[in-house]
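Accompanying notes for the structure given below.
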């Protein structure tokens, strides 16, 4: 065998990491950050006279720029080395004929988890409490709903680690104790990191910048290596060649995967009777742990970008979550989720049966295809409606540069490439084989509609993220006016009407007349309906593949066309990114909803 699909599976995260890092270190991005930083320093410098000599001194600026570049370089080197070493160990441990065992990989993971935890404790206890270390906060970084999602996934990851510990303890008499130590260390790491990101996600560190940059890159790379490890373990049952030629589905190998993920040694028997139950339990919690690692990586990256950044001083407007006057989106969205769950459960139960009734399995696959076609079609129509509303929505685009929004857009577009890859490979296979049969026709329709839905949803979300919130327009127009009007009252009476009439066109343009208020409510309501429906649609599209739906292998046209090795590589590379895309879309749509 030339190259195993697992090779490509493990190569993809490293490529992602290198491009991710390259994107962070581009000269254009650094120049933009420098200009923005310089402008903010000039604006804030008038109120901080004590720091003016340092900021205006050219030699000091040169020294600080060199120090900043040195910190970026060193932190980048740390990230690349940990990612490549982690990729090598994860890839090697996945092969039976490579002398890298699971305990070897787990020792490496324990080391980087401990180092990262030590740095985070140091930051919380010492760096963050140092005077003037965290003067500025990035209002856009780490919103409460994102940190809430991190806490939820962290809690489920902790439960997964507890199940692993309970299961692995039963093998201590005949296997390595490292397999028990690793989930214990990971549990502690999750607790520390969740607290660290919940409290300090908005920090713009001004002191110990190089240490903070290196620590944050260590955090980011550690989470990415954990992500690689979990994705590999979760995908192992799809990457081995079938044991006999007639079986290309491999869903029957799901039980085999659970055994391999645990120990894979029939000679080592569990000392208690609950091992199989715990294995089944933590297997279904893997998707949450995978999402936790990606959420933490994204938040660590934003903190890294904010090191040394002088955030603009402006009032932060609290945006409250409310479903008032919203009806169609939540109702149809919840209905879609429950219908999708019902068909998914029936589909999975049929695929897990030991009998080989081809007709029943084809009917289950057909039901799954039809349900997915209905979901992506409705989501595409909703996205078109949302994009049409943007055409009549005259809100201004956000002009302020911030790393959070840039990361959101980059991750959204980058992660969608995974699903694009799978869909286009399916389209080529279906067209080349003539799309004969109803399953091939449904698969082709699903793939085409998926491409359309991804493009429309990306446009809708990106456009929404770059629009100013609705409620911010009114205070900007109203609040400054009393300060302009009050001095003029004592100076000249005729100036009163003049000053009063001046802002009137602007105020009436922002919903101060009944007609405009009605139009504004109408547009806002439609956008919120669309956001809620798309959010719920993405949730069900995340649940199905995250918890085991593999129609790509249940329907064997692509497997026969590309052969198993190549098709497994395509699916195992694209699917993790596609799953992350759905969860990231949920987070982005929630932000668009709040701004609407």
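Quick reminder: no glycine exception, Cβ is built from N, Cα and C everywhere.
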With TrEMBL as the source, identify the stretch among 411-432, 433-454, 455-476, 477-498 annotated transmembrane segment.
411-432
Take the C-beta pairs under 8 A between the transmembrane segment (283-304) and each of 72-95, 145-168, 180-199. Which stretch has the highest count?
145-168
Highest-contact recorded stretch vs the transmembrane segment (411-432), from 180-199, 325-347, 367-390, 564-581, CB pairs under 8 Å
564-581
